[in-house]
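Asks: Have a look at the structure that comes next, please.
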Amino acid sequence: MNQPIGIADSSRPKTNVRLTISANNLMDLDVFSKSDPICLIYEKTSGRKATTTEEITVPTWKDKQWTERGRTEVVMNNLNPQFTKTFLLPYFFEETQLLRFEIYDADSPTVGQDLSSHDFLGRFECVLAQIVSYSTLKAHLGKTGQIGAQWRNKDKNTKTGSITIYAEEDEKAEKIQFDVCGEGLDKKDFFGKSDPYLNFKRKFDDGSTHLIHRTEVKPKTLDPRWATVQINTQTLCAKDGDRPIIIECYDHDKWKKGEEPRGDAKFSRDDLIGTAQTTLNELLRGSSDAVEILLTNEKKKAKKGDKYKCSGTLKIWNSRIVIEPTFLDFISGGTQLDFAVAVDFTASNGPPKSSSSLHFMSADRPNQYELALRSVLSICQHYNSSKTFEAFGFGAKLPNQSSVSAIFPLDLQRGTSEVVGITGVMTAYRHALSNVQLYGPTNFAPIIENVARKAQNMIHDSARYQILLIITDGIISDMHATIRSIISASGLPLSIIIIGVGNEDFEKMHELDSDDALLQQDSRIAQRDIVQFVTMREFLNNGQGLYLDPDVIQENLAREVLYEVPAQLTGYMKQRGFQPRPVDDPWRRDSPPPEFDPILDGTGRRAPMLQAPPAGFQYPVYADTSIASAPPMY
């Protein structure tokens, strides 16, 4: 979880992105011929990963915070080069991957690490998320000391020229899909039929095996038909058609109510019915006619000898290779991530002016709420071209109001939940903090239901997907209603991230993050897992009592809370049968409002405080927002 920055954890979802680069109207610095351009790409691997607002004084090739990721060939005598060499980079949705593209006029066909003898032509700095969001990104090159700027409609060429970056997934995830059933399986239960399921295992060269896929359990049958199976061929057999694949058939033994362990432990006492070995090529022969595979139980075979035939038969049919749309397919097709945030203003946070309060505003260090907000927003902003967010507060009394608001717009100045950019969210938060009375209780259901109503309007296509971030310091007061709301929203284009701040015991909150089993209440079961919960305190220090740098905290926190989002989005789209729009005909991308400043928004600097709302100002009313007053609990 707290791995070194820039080192990829093999367990995290990763996609390789291939970048192709061209440039136009470059400066001509040669006297008797045109420039001979070469493009180098760098990634910032240490220090703060935010776009700089100051002039760059140290050449990137000398700056130890930047690591070269590759370089193109030199294109001789050309001001409009189309470089043939491409860059292959790992892409992580949950990370800020800050890149620099720098073009030099090479003074020789061979360019070494020292670039001091080569003329600088231009630079563009951006995060990888910007590139993959547009698929094709064009930008003005910046002069020496500048970082350039993204090309806008109606822009004209500048003296430094422009760069165009094309991004595409290097390789699509290939899966084998097939139907499978069993016939005549051995009976393992004394008083009833077996409860069979299948394990598909990869076999490695050293003979060891690893579980790749498990089917559902089919109760009380010796002739089961399981749901259609889909398995990644790279994971199953490294796409090797002749590599052995192990299939195991087990009879599941039920546990007594309240005794069933979590995770794979609940399969620990199951009885083996039989095993078989096959290959990808053999499975694919089931594309036309059914493939029959005999299950063998070695213990039973040794006991019965020649009388033993098999322990049942597996039949596989409708086999085919499928390539499913990926997260980047949807993003490149214009799918936008709408983002909403809800901040806990209950009294248990402590008086904001007290240094022990979780809302305390220090002059030199952001509080935990600010860290959580910036951590998630700094990633998600690149997937919403409008640069606007919805921001709410909950559990406070607003100015001139007697009742407690279970949900209110964070921007008290304008009385609206819509704010522009990260700066707008942070400014609205600080302003609200100085104008509301912290109260209680901690109710999540009104927030979830409000955002779910918005997500309900997104169900007709793949254009938008909603993410809700809730930051809280305590135990939920309306757990039953919250679970009901989450289950009701589980079929919507919605992911919910909950970050617990402070030192409260959040054990019950883990019930909402149903990684082992889908969330259930009475007879209702969630359609999918849409909640990710983490506690902030796990990220604040290095394990030796020393607080980490805020930038490191934000990076590690974002990595943990956001990595499930791509799978949740693609899982929803698959469930609804939605396909991504073509890259050359994407969903419409809204432009940010005129007041949005991308440079200021990326710095993290504190914006000026908003003024208090005028006397008699009426705040908007949301459904079911007023709750019974409870005394503050500091």
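A Cβ is built for glycine as well, from the same backbone N, Cα and C atoms used for every other residue.
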Asks: Check Swiss-Prot: it lists L29, D30, D105, D107 as binding Ca(2+) 2. Then name which of D63, D119 it lists for that same site.
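Replies: Only hit among D63, D119 in Swiss-Prot's Ca(2+) 2 site, alongside L29, D30, D105, D107: D119.
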Asks: Same chain, not part of L29, D30, D105, D107, D119: whose C-beta falls within 8 angstroms of the C-beta centre of the Ca(2+) 2 site? Give them in sequence order.
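Replies: Close Cβ neighbours, site residues excluded: S35, D36, Y104, A106, H118, L121.
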Asks: Excluding D30, D36, D105, D107, which residues of the same chain place their Cβ within 8 Å of the centroid of the Cβ atoms of the recorded Ca(2+) 1 site?
Replies: L29, S33, S35, P37, A106, H118, D119
Asks: For D36 (Ca(2+) 1 binding site), find which of the binding-site residues L29, D30, D253 come within 10 Å, Cα to Cα.
Replies: L29, D30
Asks: If you count other C-beta atoms within 10 angstroms, which of the binding-site residues D30, D107, D251 is the most crowded?
Replies: D251
Asks: Can you tell me how far the Cα of D195 (Ca(2+) 3 binding site) sits from the Cα of L29 (Ca(2+) 2 binding site), in Å?
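Replies: Distance between the two Cα atoms comes out at 76 Å.
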Asks: Give me the Cα-Cα distance between D253 (Ca(2+) 3 binding site) and L29 (Ca(2+) 2 binding site), rounded to a whole Å.
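Replies: So the Cα of L29 (Ca(2+) 2 binding site) lies 77 Å away from that of D253 (Ca(2+) 3 binding site).
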